[in-house]
Amino acid sequence: MFVTAYLAFIALVGLVVALEITARRLASSQTTQTAVANPAFRGFQKLFLKVYLLALWADWLQGPYLYKLYRHYNFLESQIAILYVCGLGSCVLFSPVAGWLPQFLGRRQTCVLFCVSYSICCLTKLSREYFMLILGRVLGGLSTSLLTTTFESWYVHGHIEVNDFPKEWIPVTFSKVANWNHGLAVAAGLVANLFAEWLGLGPVAPFLLAIPSLAVCAWFVIFQWGRENSEGMNGEKSVPLLNPLNVPRLQTTARARFWRGCLDGLRCLLSDRRVMLLGGVQALFESVLYIFVFLWTPVLDPHGPPLGIVFSSLMAASMAGSTLFRLATSPPYRLQPGHLLCLAVLLAFFSFFMLTFSTVPGQPRPRESLLAFLLLELACGLYFPAVSFLQGRVIPVERRGVVLAWFRLPLHLLACLGLLALHGEVSGTGAGEAGSGTRHMFIGCAAMMLAALLAVVSLFTVGRNDADLRLEGTRIEGELEI
């Protein structure tokens with residue numbers, strides 16, 4: 001497995017390079033060229049990217065060795081499952097708070113709060129006390145919720161309200177984030193492997209390595225991001241926090257705006273069947289991914305592969321899928337994102353189907369399991385840009401954040417229930433029975449992916465002739481090609 005992991009990594013990096021070269025030969029859009037040529041936009045974009053990418057780097061460093069660290073502290077798999085459930089549960093609790101905090105504290109201060117809470121989360125990994133590790137998982141859930149909302153909120157507000165750049169330029173920045181994000185994930189696996197295994201510093205080393213990155217990120221936010229604009233999210237004048245007489249009024253206004261936004265998002269979700277089906281696909285697919293994040297290490301680690309290299313291979317497979325999506329949706333192919341979403345779900349179903357046979361207790365097949373995990377990450381690379389495209393078409397921009405928060409609620413709940421079911425199977429059992437519990441989880445994941453596939457097919461049926469679900473310039477049934 002040691003050699004297999006390195007060979008898989010080399011092959012996938014070669015595939016990614018070949019796909020990226022092919023993709024870059026395609027002509028970029030005129031919008032992208034205009035945006036890049038604007039020096040003010042490029043300066044603002046650079047200011048955002050160097051902060052956000054540092055935050056993402058610190059987050060990725062903690063991916064390869066989290067489960068390994070808990071095993072290093074001699075916790076049982078059932079205890080580790082509870083730790084993961086605490087992290088997911090805190091994501092459920094803090095997701096609404098993460099959307100409200102920037103309105104109350106300010107976007108810049110909330111970004112600093114992310115850096116502080118994530119740094120404390122990393123420091124708790126030095127403790128072998130179970131309670132401290134639970135506290136770390138709770139702080140990790142808060143930090144993850146802030147990472148996925150606050151930085152993007154600061155950028156969109158500054159892009160539109162402060163600098164008055166065209167809205168069409170926003171995807172230019174986030175496409176750069178997506179490209180860099182995959183590269184950072186691959187590099188994070190290599191660096192984590194270097195410190196944890198090659199230098200022999202143990203699985204806690206990547207978590208400590210993330211703290212300086214978070215400190216630099218906070219420094220940039222405090223000293224280079226400037227003061228909050230005098231107008232709030234909706235163009236309303238913000239109330240200064242320095243005057244204590246205004247605090248109750250500010251809290252009441254922010255609370256009312258929050259609940260009004262939640263209700264509007266729920267109405268949007270329930271009134272459009274396309275949104276309902278898309279939310280069902282997202283909840284099923286991404287909840288299974290959380291279970292995969294927990295299970296890949298105990299499946300492969302007993303066979304001795306370098307976990308950092310395996311993590312980098314998984315991220316390279318995801319990067320290959322993302323690049324394939326860009327190629328497939330560009331001229332001359334022009335495949336529809338909905339079709340690629342169906343392909344992604346089908347690939348994920350096949351990968352979990354493989355895992356039900358490669359994880360039979362007493363007869364493990366680690367190479368087949370690694371191949372199945374790589375196929376799953378390839379499916380993820382196709383899935384995320386496809387579902388993002390469809391969300392952008394069917395969910396109104398002003399309600400997108402709240403609707404996506406409603407999507408994440410069943411997503412995290414399904415993942416928590418899955419991990420609790422695994423905890424129930426392995427608690428107090430032997431190694432062989434624990435392996436049976438892992439296999440049962442993969443069977444359940446395959447069933448959930450099958451349900452997601454049915455939801456995608458239903459979405460096709462509802463939106464067969466819906467121009468919103470298709471790329472511009474492609475033929476709709478019964479019409480001439482534009």
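Backbone N, Cα and C define each Cβ position, glycine as well.
What you see is a predicted model, and the numbers here were worked out from it, not measured in a lab.
Annotated signal peptide per TrEMBL: 1-18, in sequence order.
Sequence-distant contacts of the transmembrane segment (47-67), counting only residues of its own chain at least 6 positions beyond either end whose CB sits under 8 Å from a CB of the stretch, comprise 80, 111, 114-115, 118, 122, 144, 147, 151, 154-155, 158, 173, 176-177, 180-181, 184-185, 188-189, 191-193, 196, 203-204, 206-207, 209-211, 213-214, 216-217, 220-221, 224-225, 294, 297-298, 301, 307-308, 310-311, 315. Residues annotated as transmembrane segment in TrEMBL: 47-67 (among others).
The transmembrane segment annotation in TrEMBL covers 79-101 (among others).
According to TrEMBL, the feature transmembrane segment maps to 138-156 (among others). Outside the transmembrane segment (138-156) by six or more residues, the chain places 48, 51-52, 55-56, 59, 86-91, 93-95, 97-99, 101-102, 107-108, 110-111, 113-114, 117-118, 120-121, 124, 170, 173-174, 225, 233, 401 with a CB less than 8 A from a CB of the stretch.
Among the features that TrEMBL reports, transmembrane segment is placed at 204-223 (among others). Same-chain residues lying 6 or more positions outside the transmembrane segment (204-223) and placing a CB less than 8 Å from one of its CB atoms are 50-51, 54-55, 57-59, 61-62, 64-65, 69, 72, 108, 111-112, 115-116, 118-119, 122-123, 125-126, 188, 191-192, 195-196.
Under the heading transmembrane segment, TrEMBL lists 275-296 (among others). Long-range contacts of the transmembrane segment (275-296) within the same chain: residues 67, 80-81, 84, 88, 268-269, 310, 314, 341, 344-345, 348, 352, 373, 376, 380, 383, 387, 390-391, 394-395, 403, 406-407, 410-415, 418-419, 422, 438, 441-442, 445, 448-449, 451-452, 455-456, 458-459, 462, each at least 6 residues beyond the stretch ends and with a Cβ under 8 Å from a Cβ of the stretch.
Here TrEMBL flags 308-328 (among others) as transmembrane segment.
Annotation source TrEMBL lists transmembrane segment at 340-358 (among others). Counting only same-chain residues 6+ beyond the ends of the transmembrane segment (340-358), those with a CB under 8 A from a CB of the stretch are 281, 285, 288, 299, 321, 325, 328-329, 364-366, 368-369, 371-373, 375-376, 378-380, 382-383, 386-387, 390, 439, 442-443, 445-446, 449-450, 452-453, 456-457, 460.
Taken from TrEMBL, the feature transmembrane segment covers 370-390 (among others).
The transmembrane segment annotation in TrEMBL covers 402-421 (among others).
The transmembrane segment annotation in TrEMBL covers 441-462 (among others).
Residues of the same chain lying 6 or more positions beyond the ends of the transmembrane segment (441-462) and with a Cβ under 8 Å from any Cβ of it are 273-274, 277-278, 280-281, 284-285, 287-288, 291-292, 295, 338, 341-342, 345-346, 348-349, 352-353, 355-356, 359, 390, 414, 418, 421-422, 469.
Among residues of the same chain six or more beyond the transmembrane segment (370-390), those with a C-beta under 8 A of the stretch's C-beta atoms are 1, 4-5, 8, 12, 178, 182, 278, 281-282, 285, 289, 292, 296, 300, 305, 310, 313-315, 317-326, 337-338, 340-341, 343-345, 347-348, 350-352, 354-355, 358, 459, 469.
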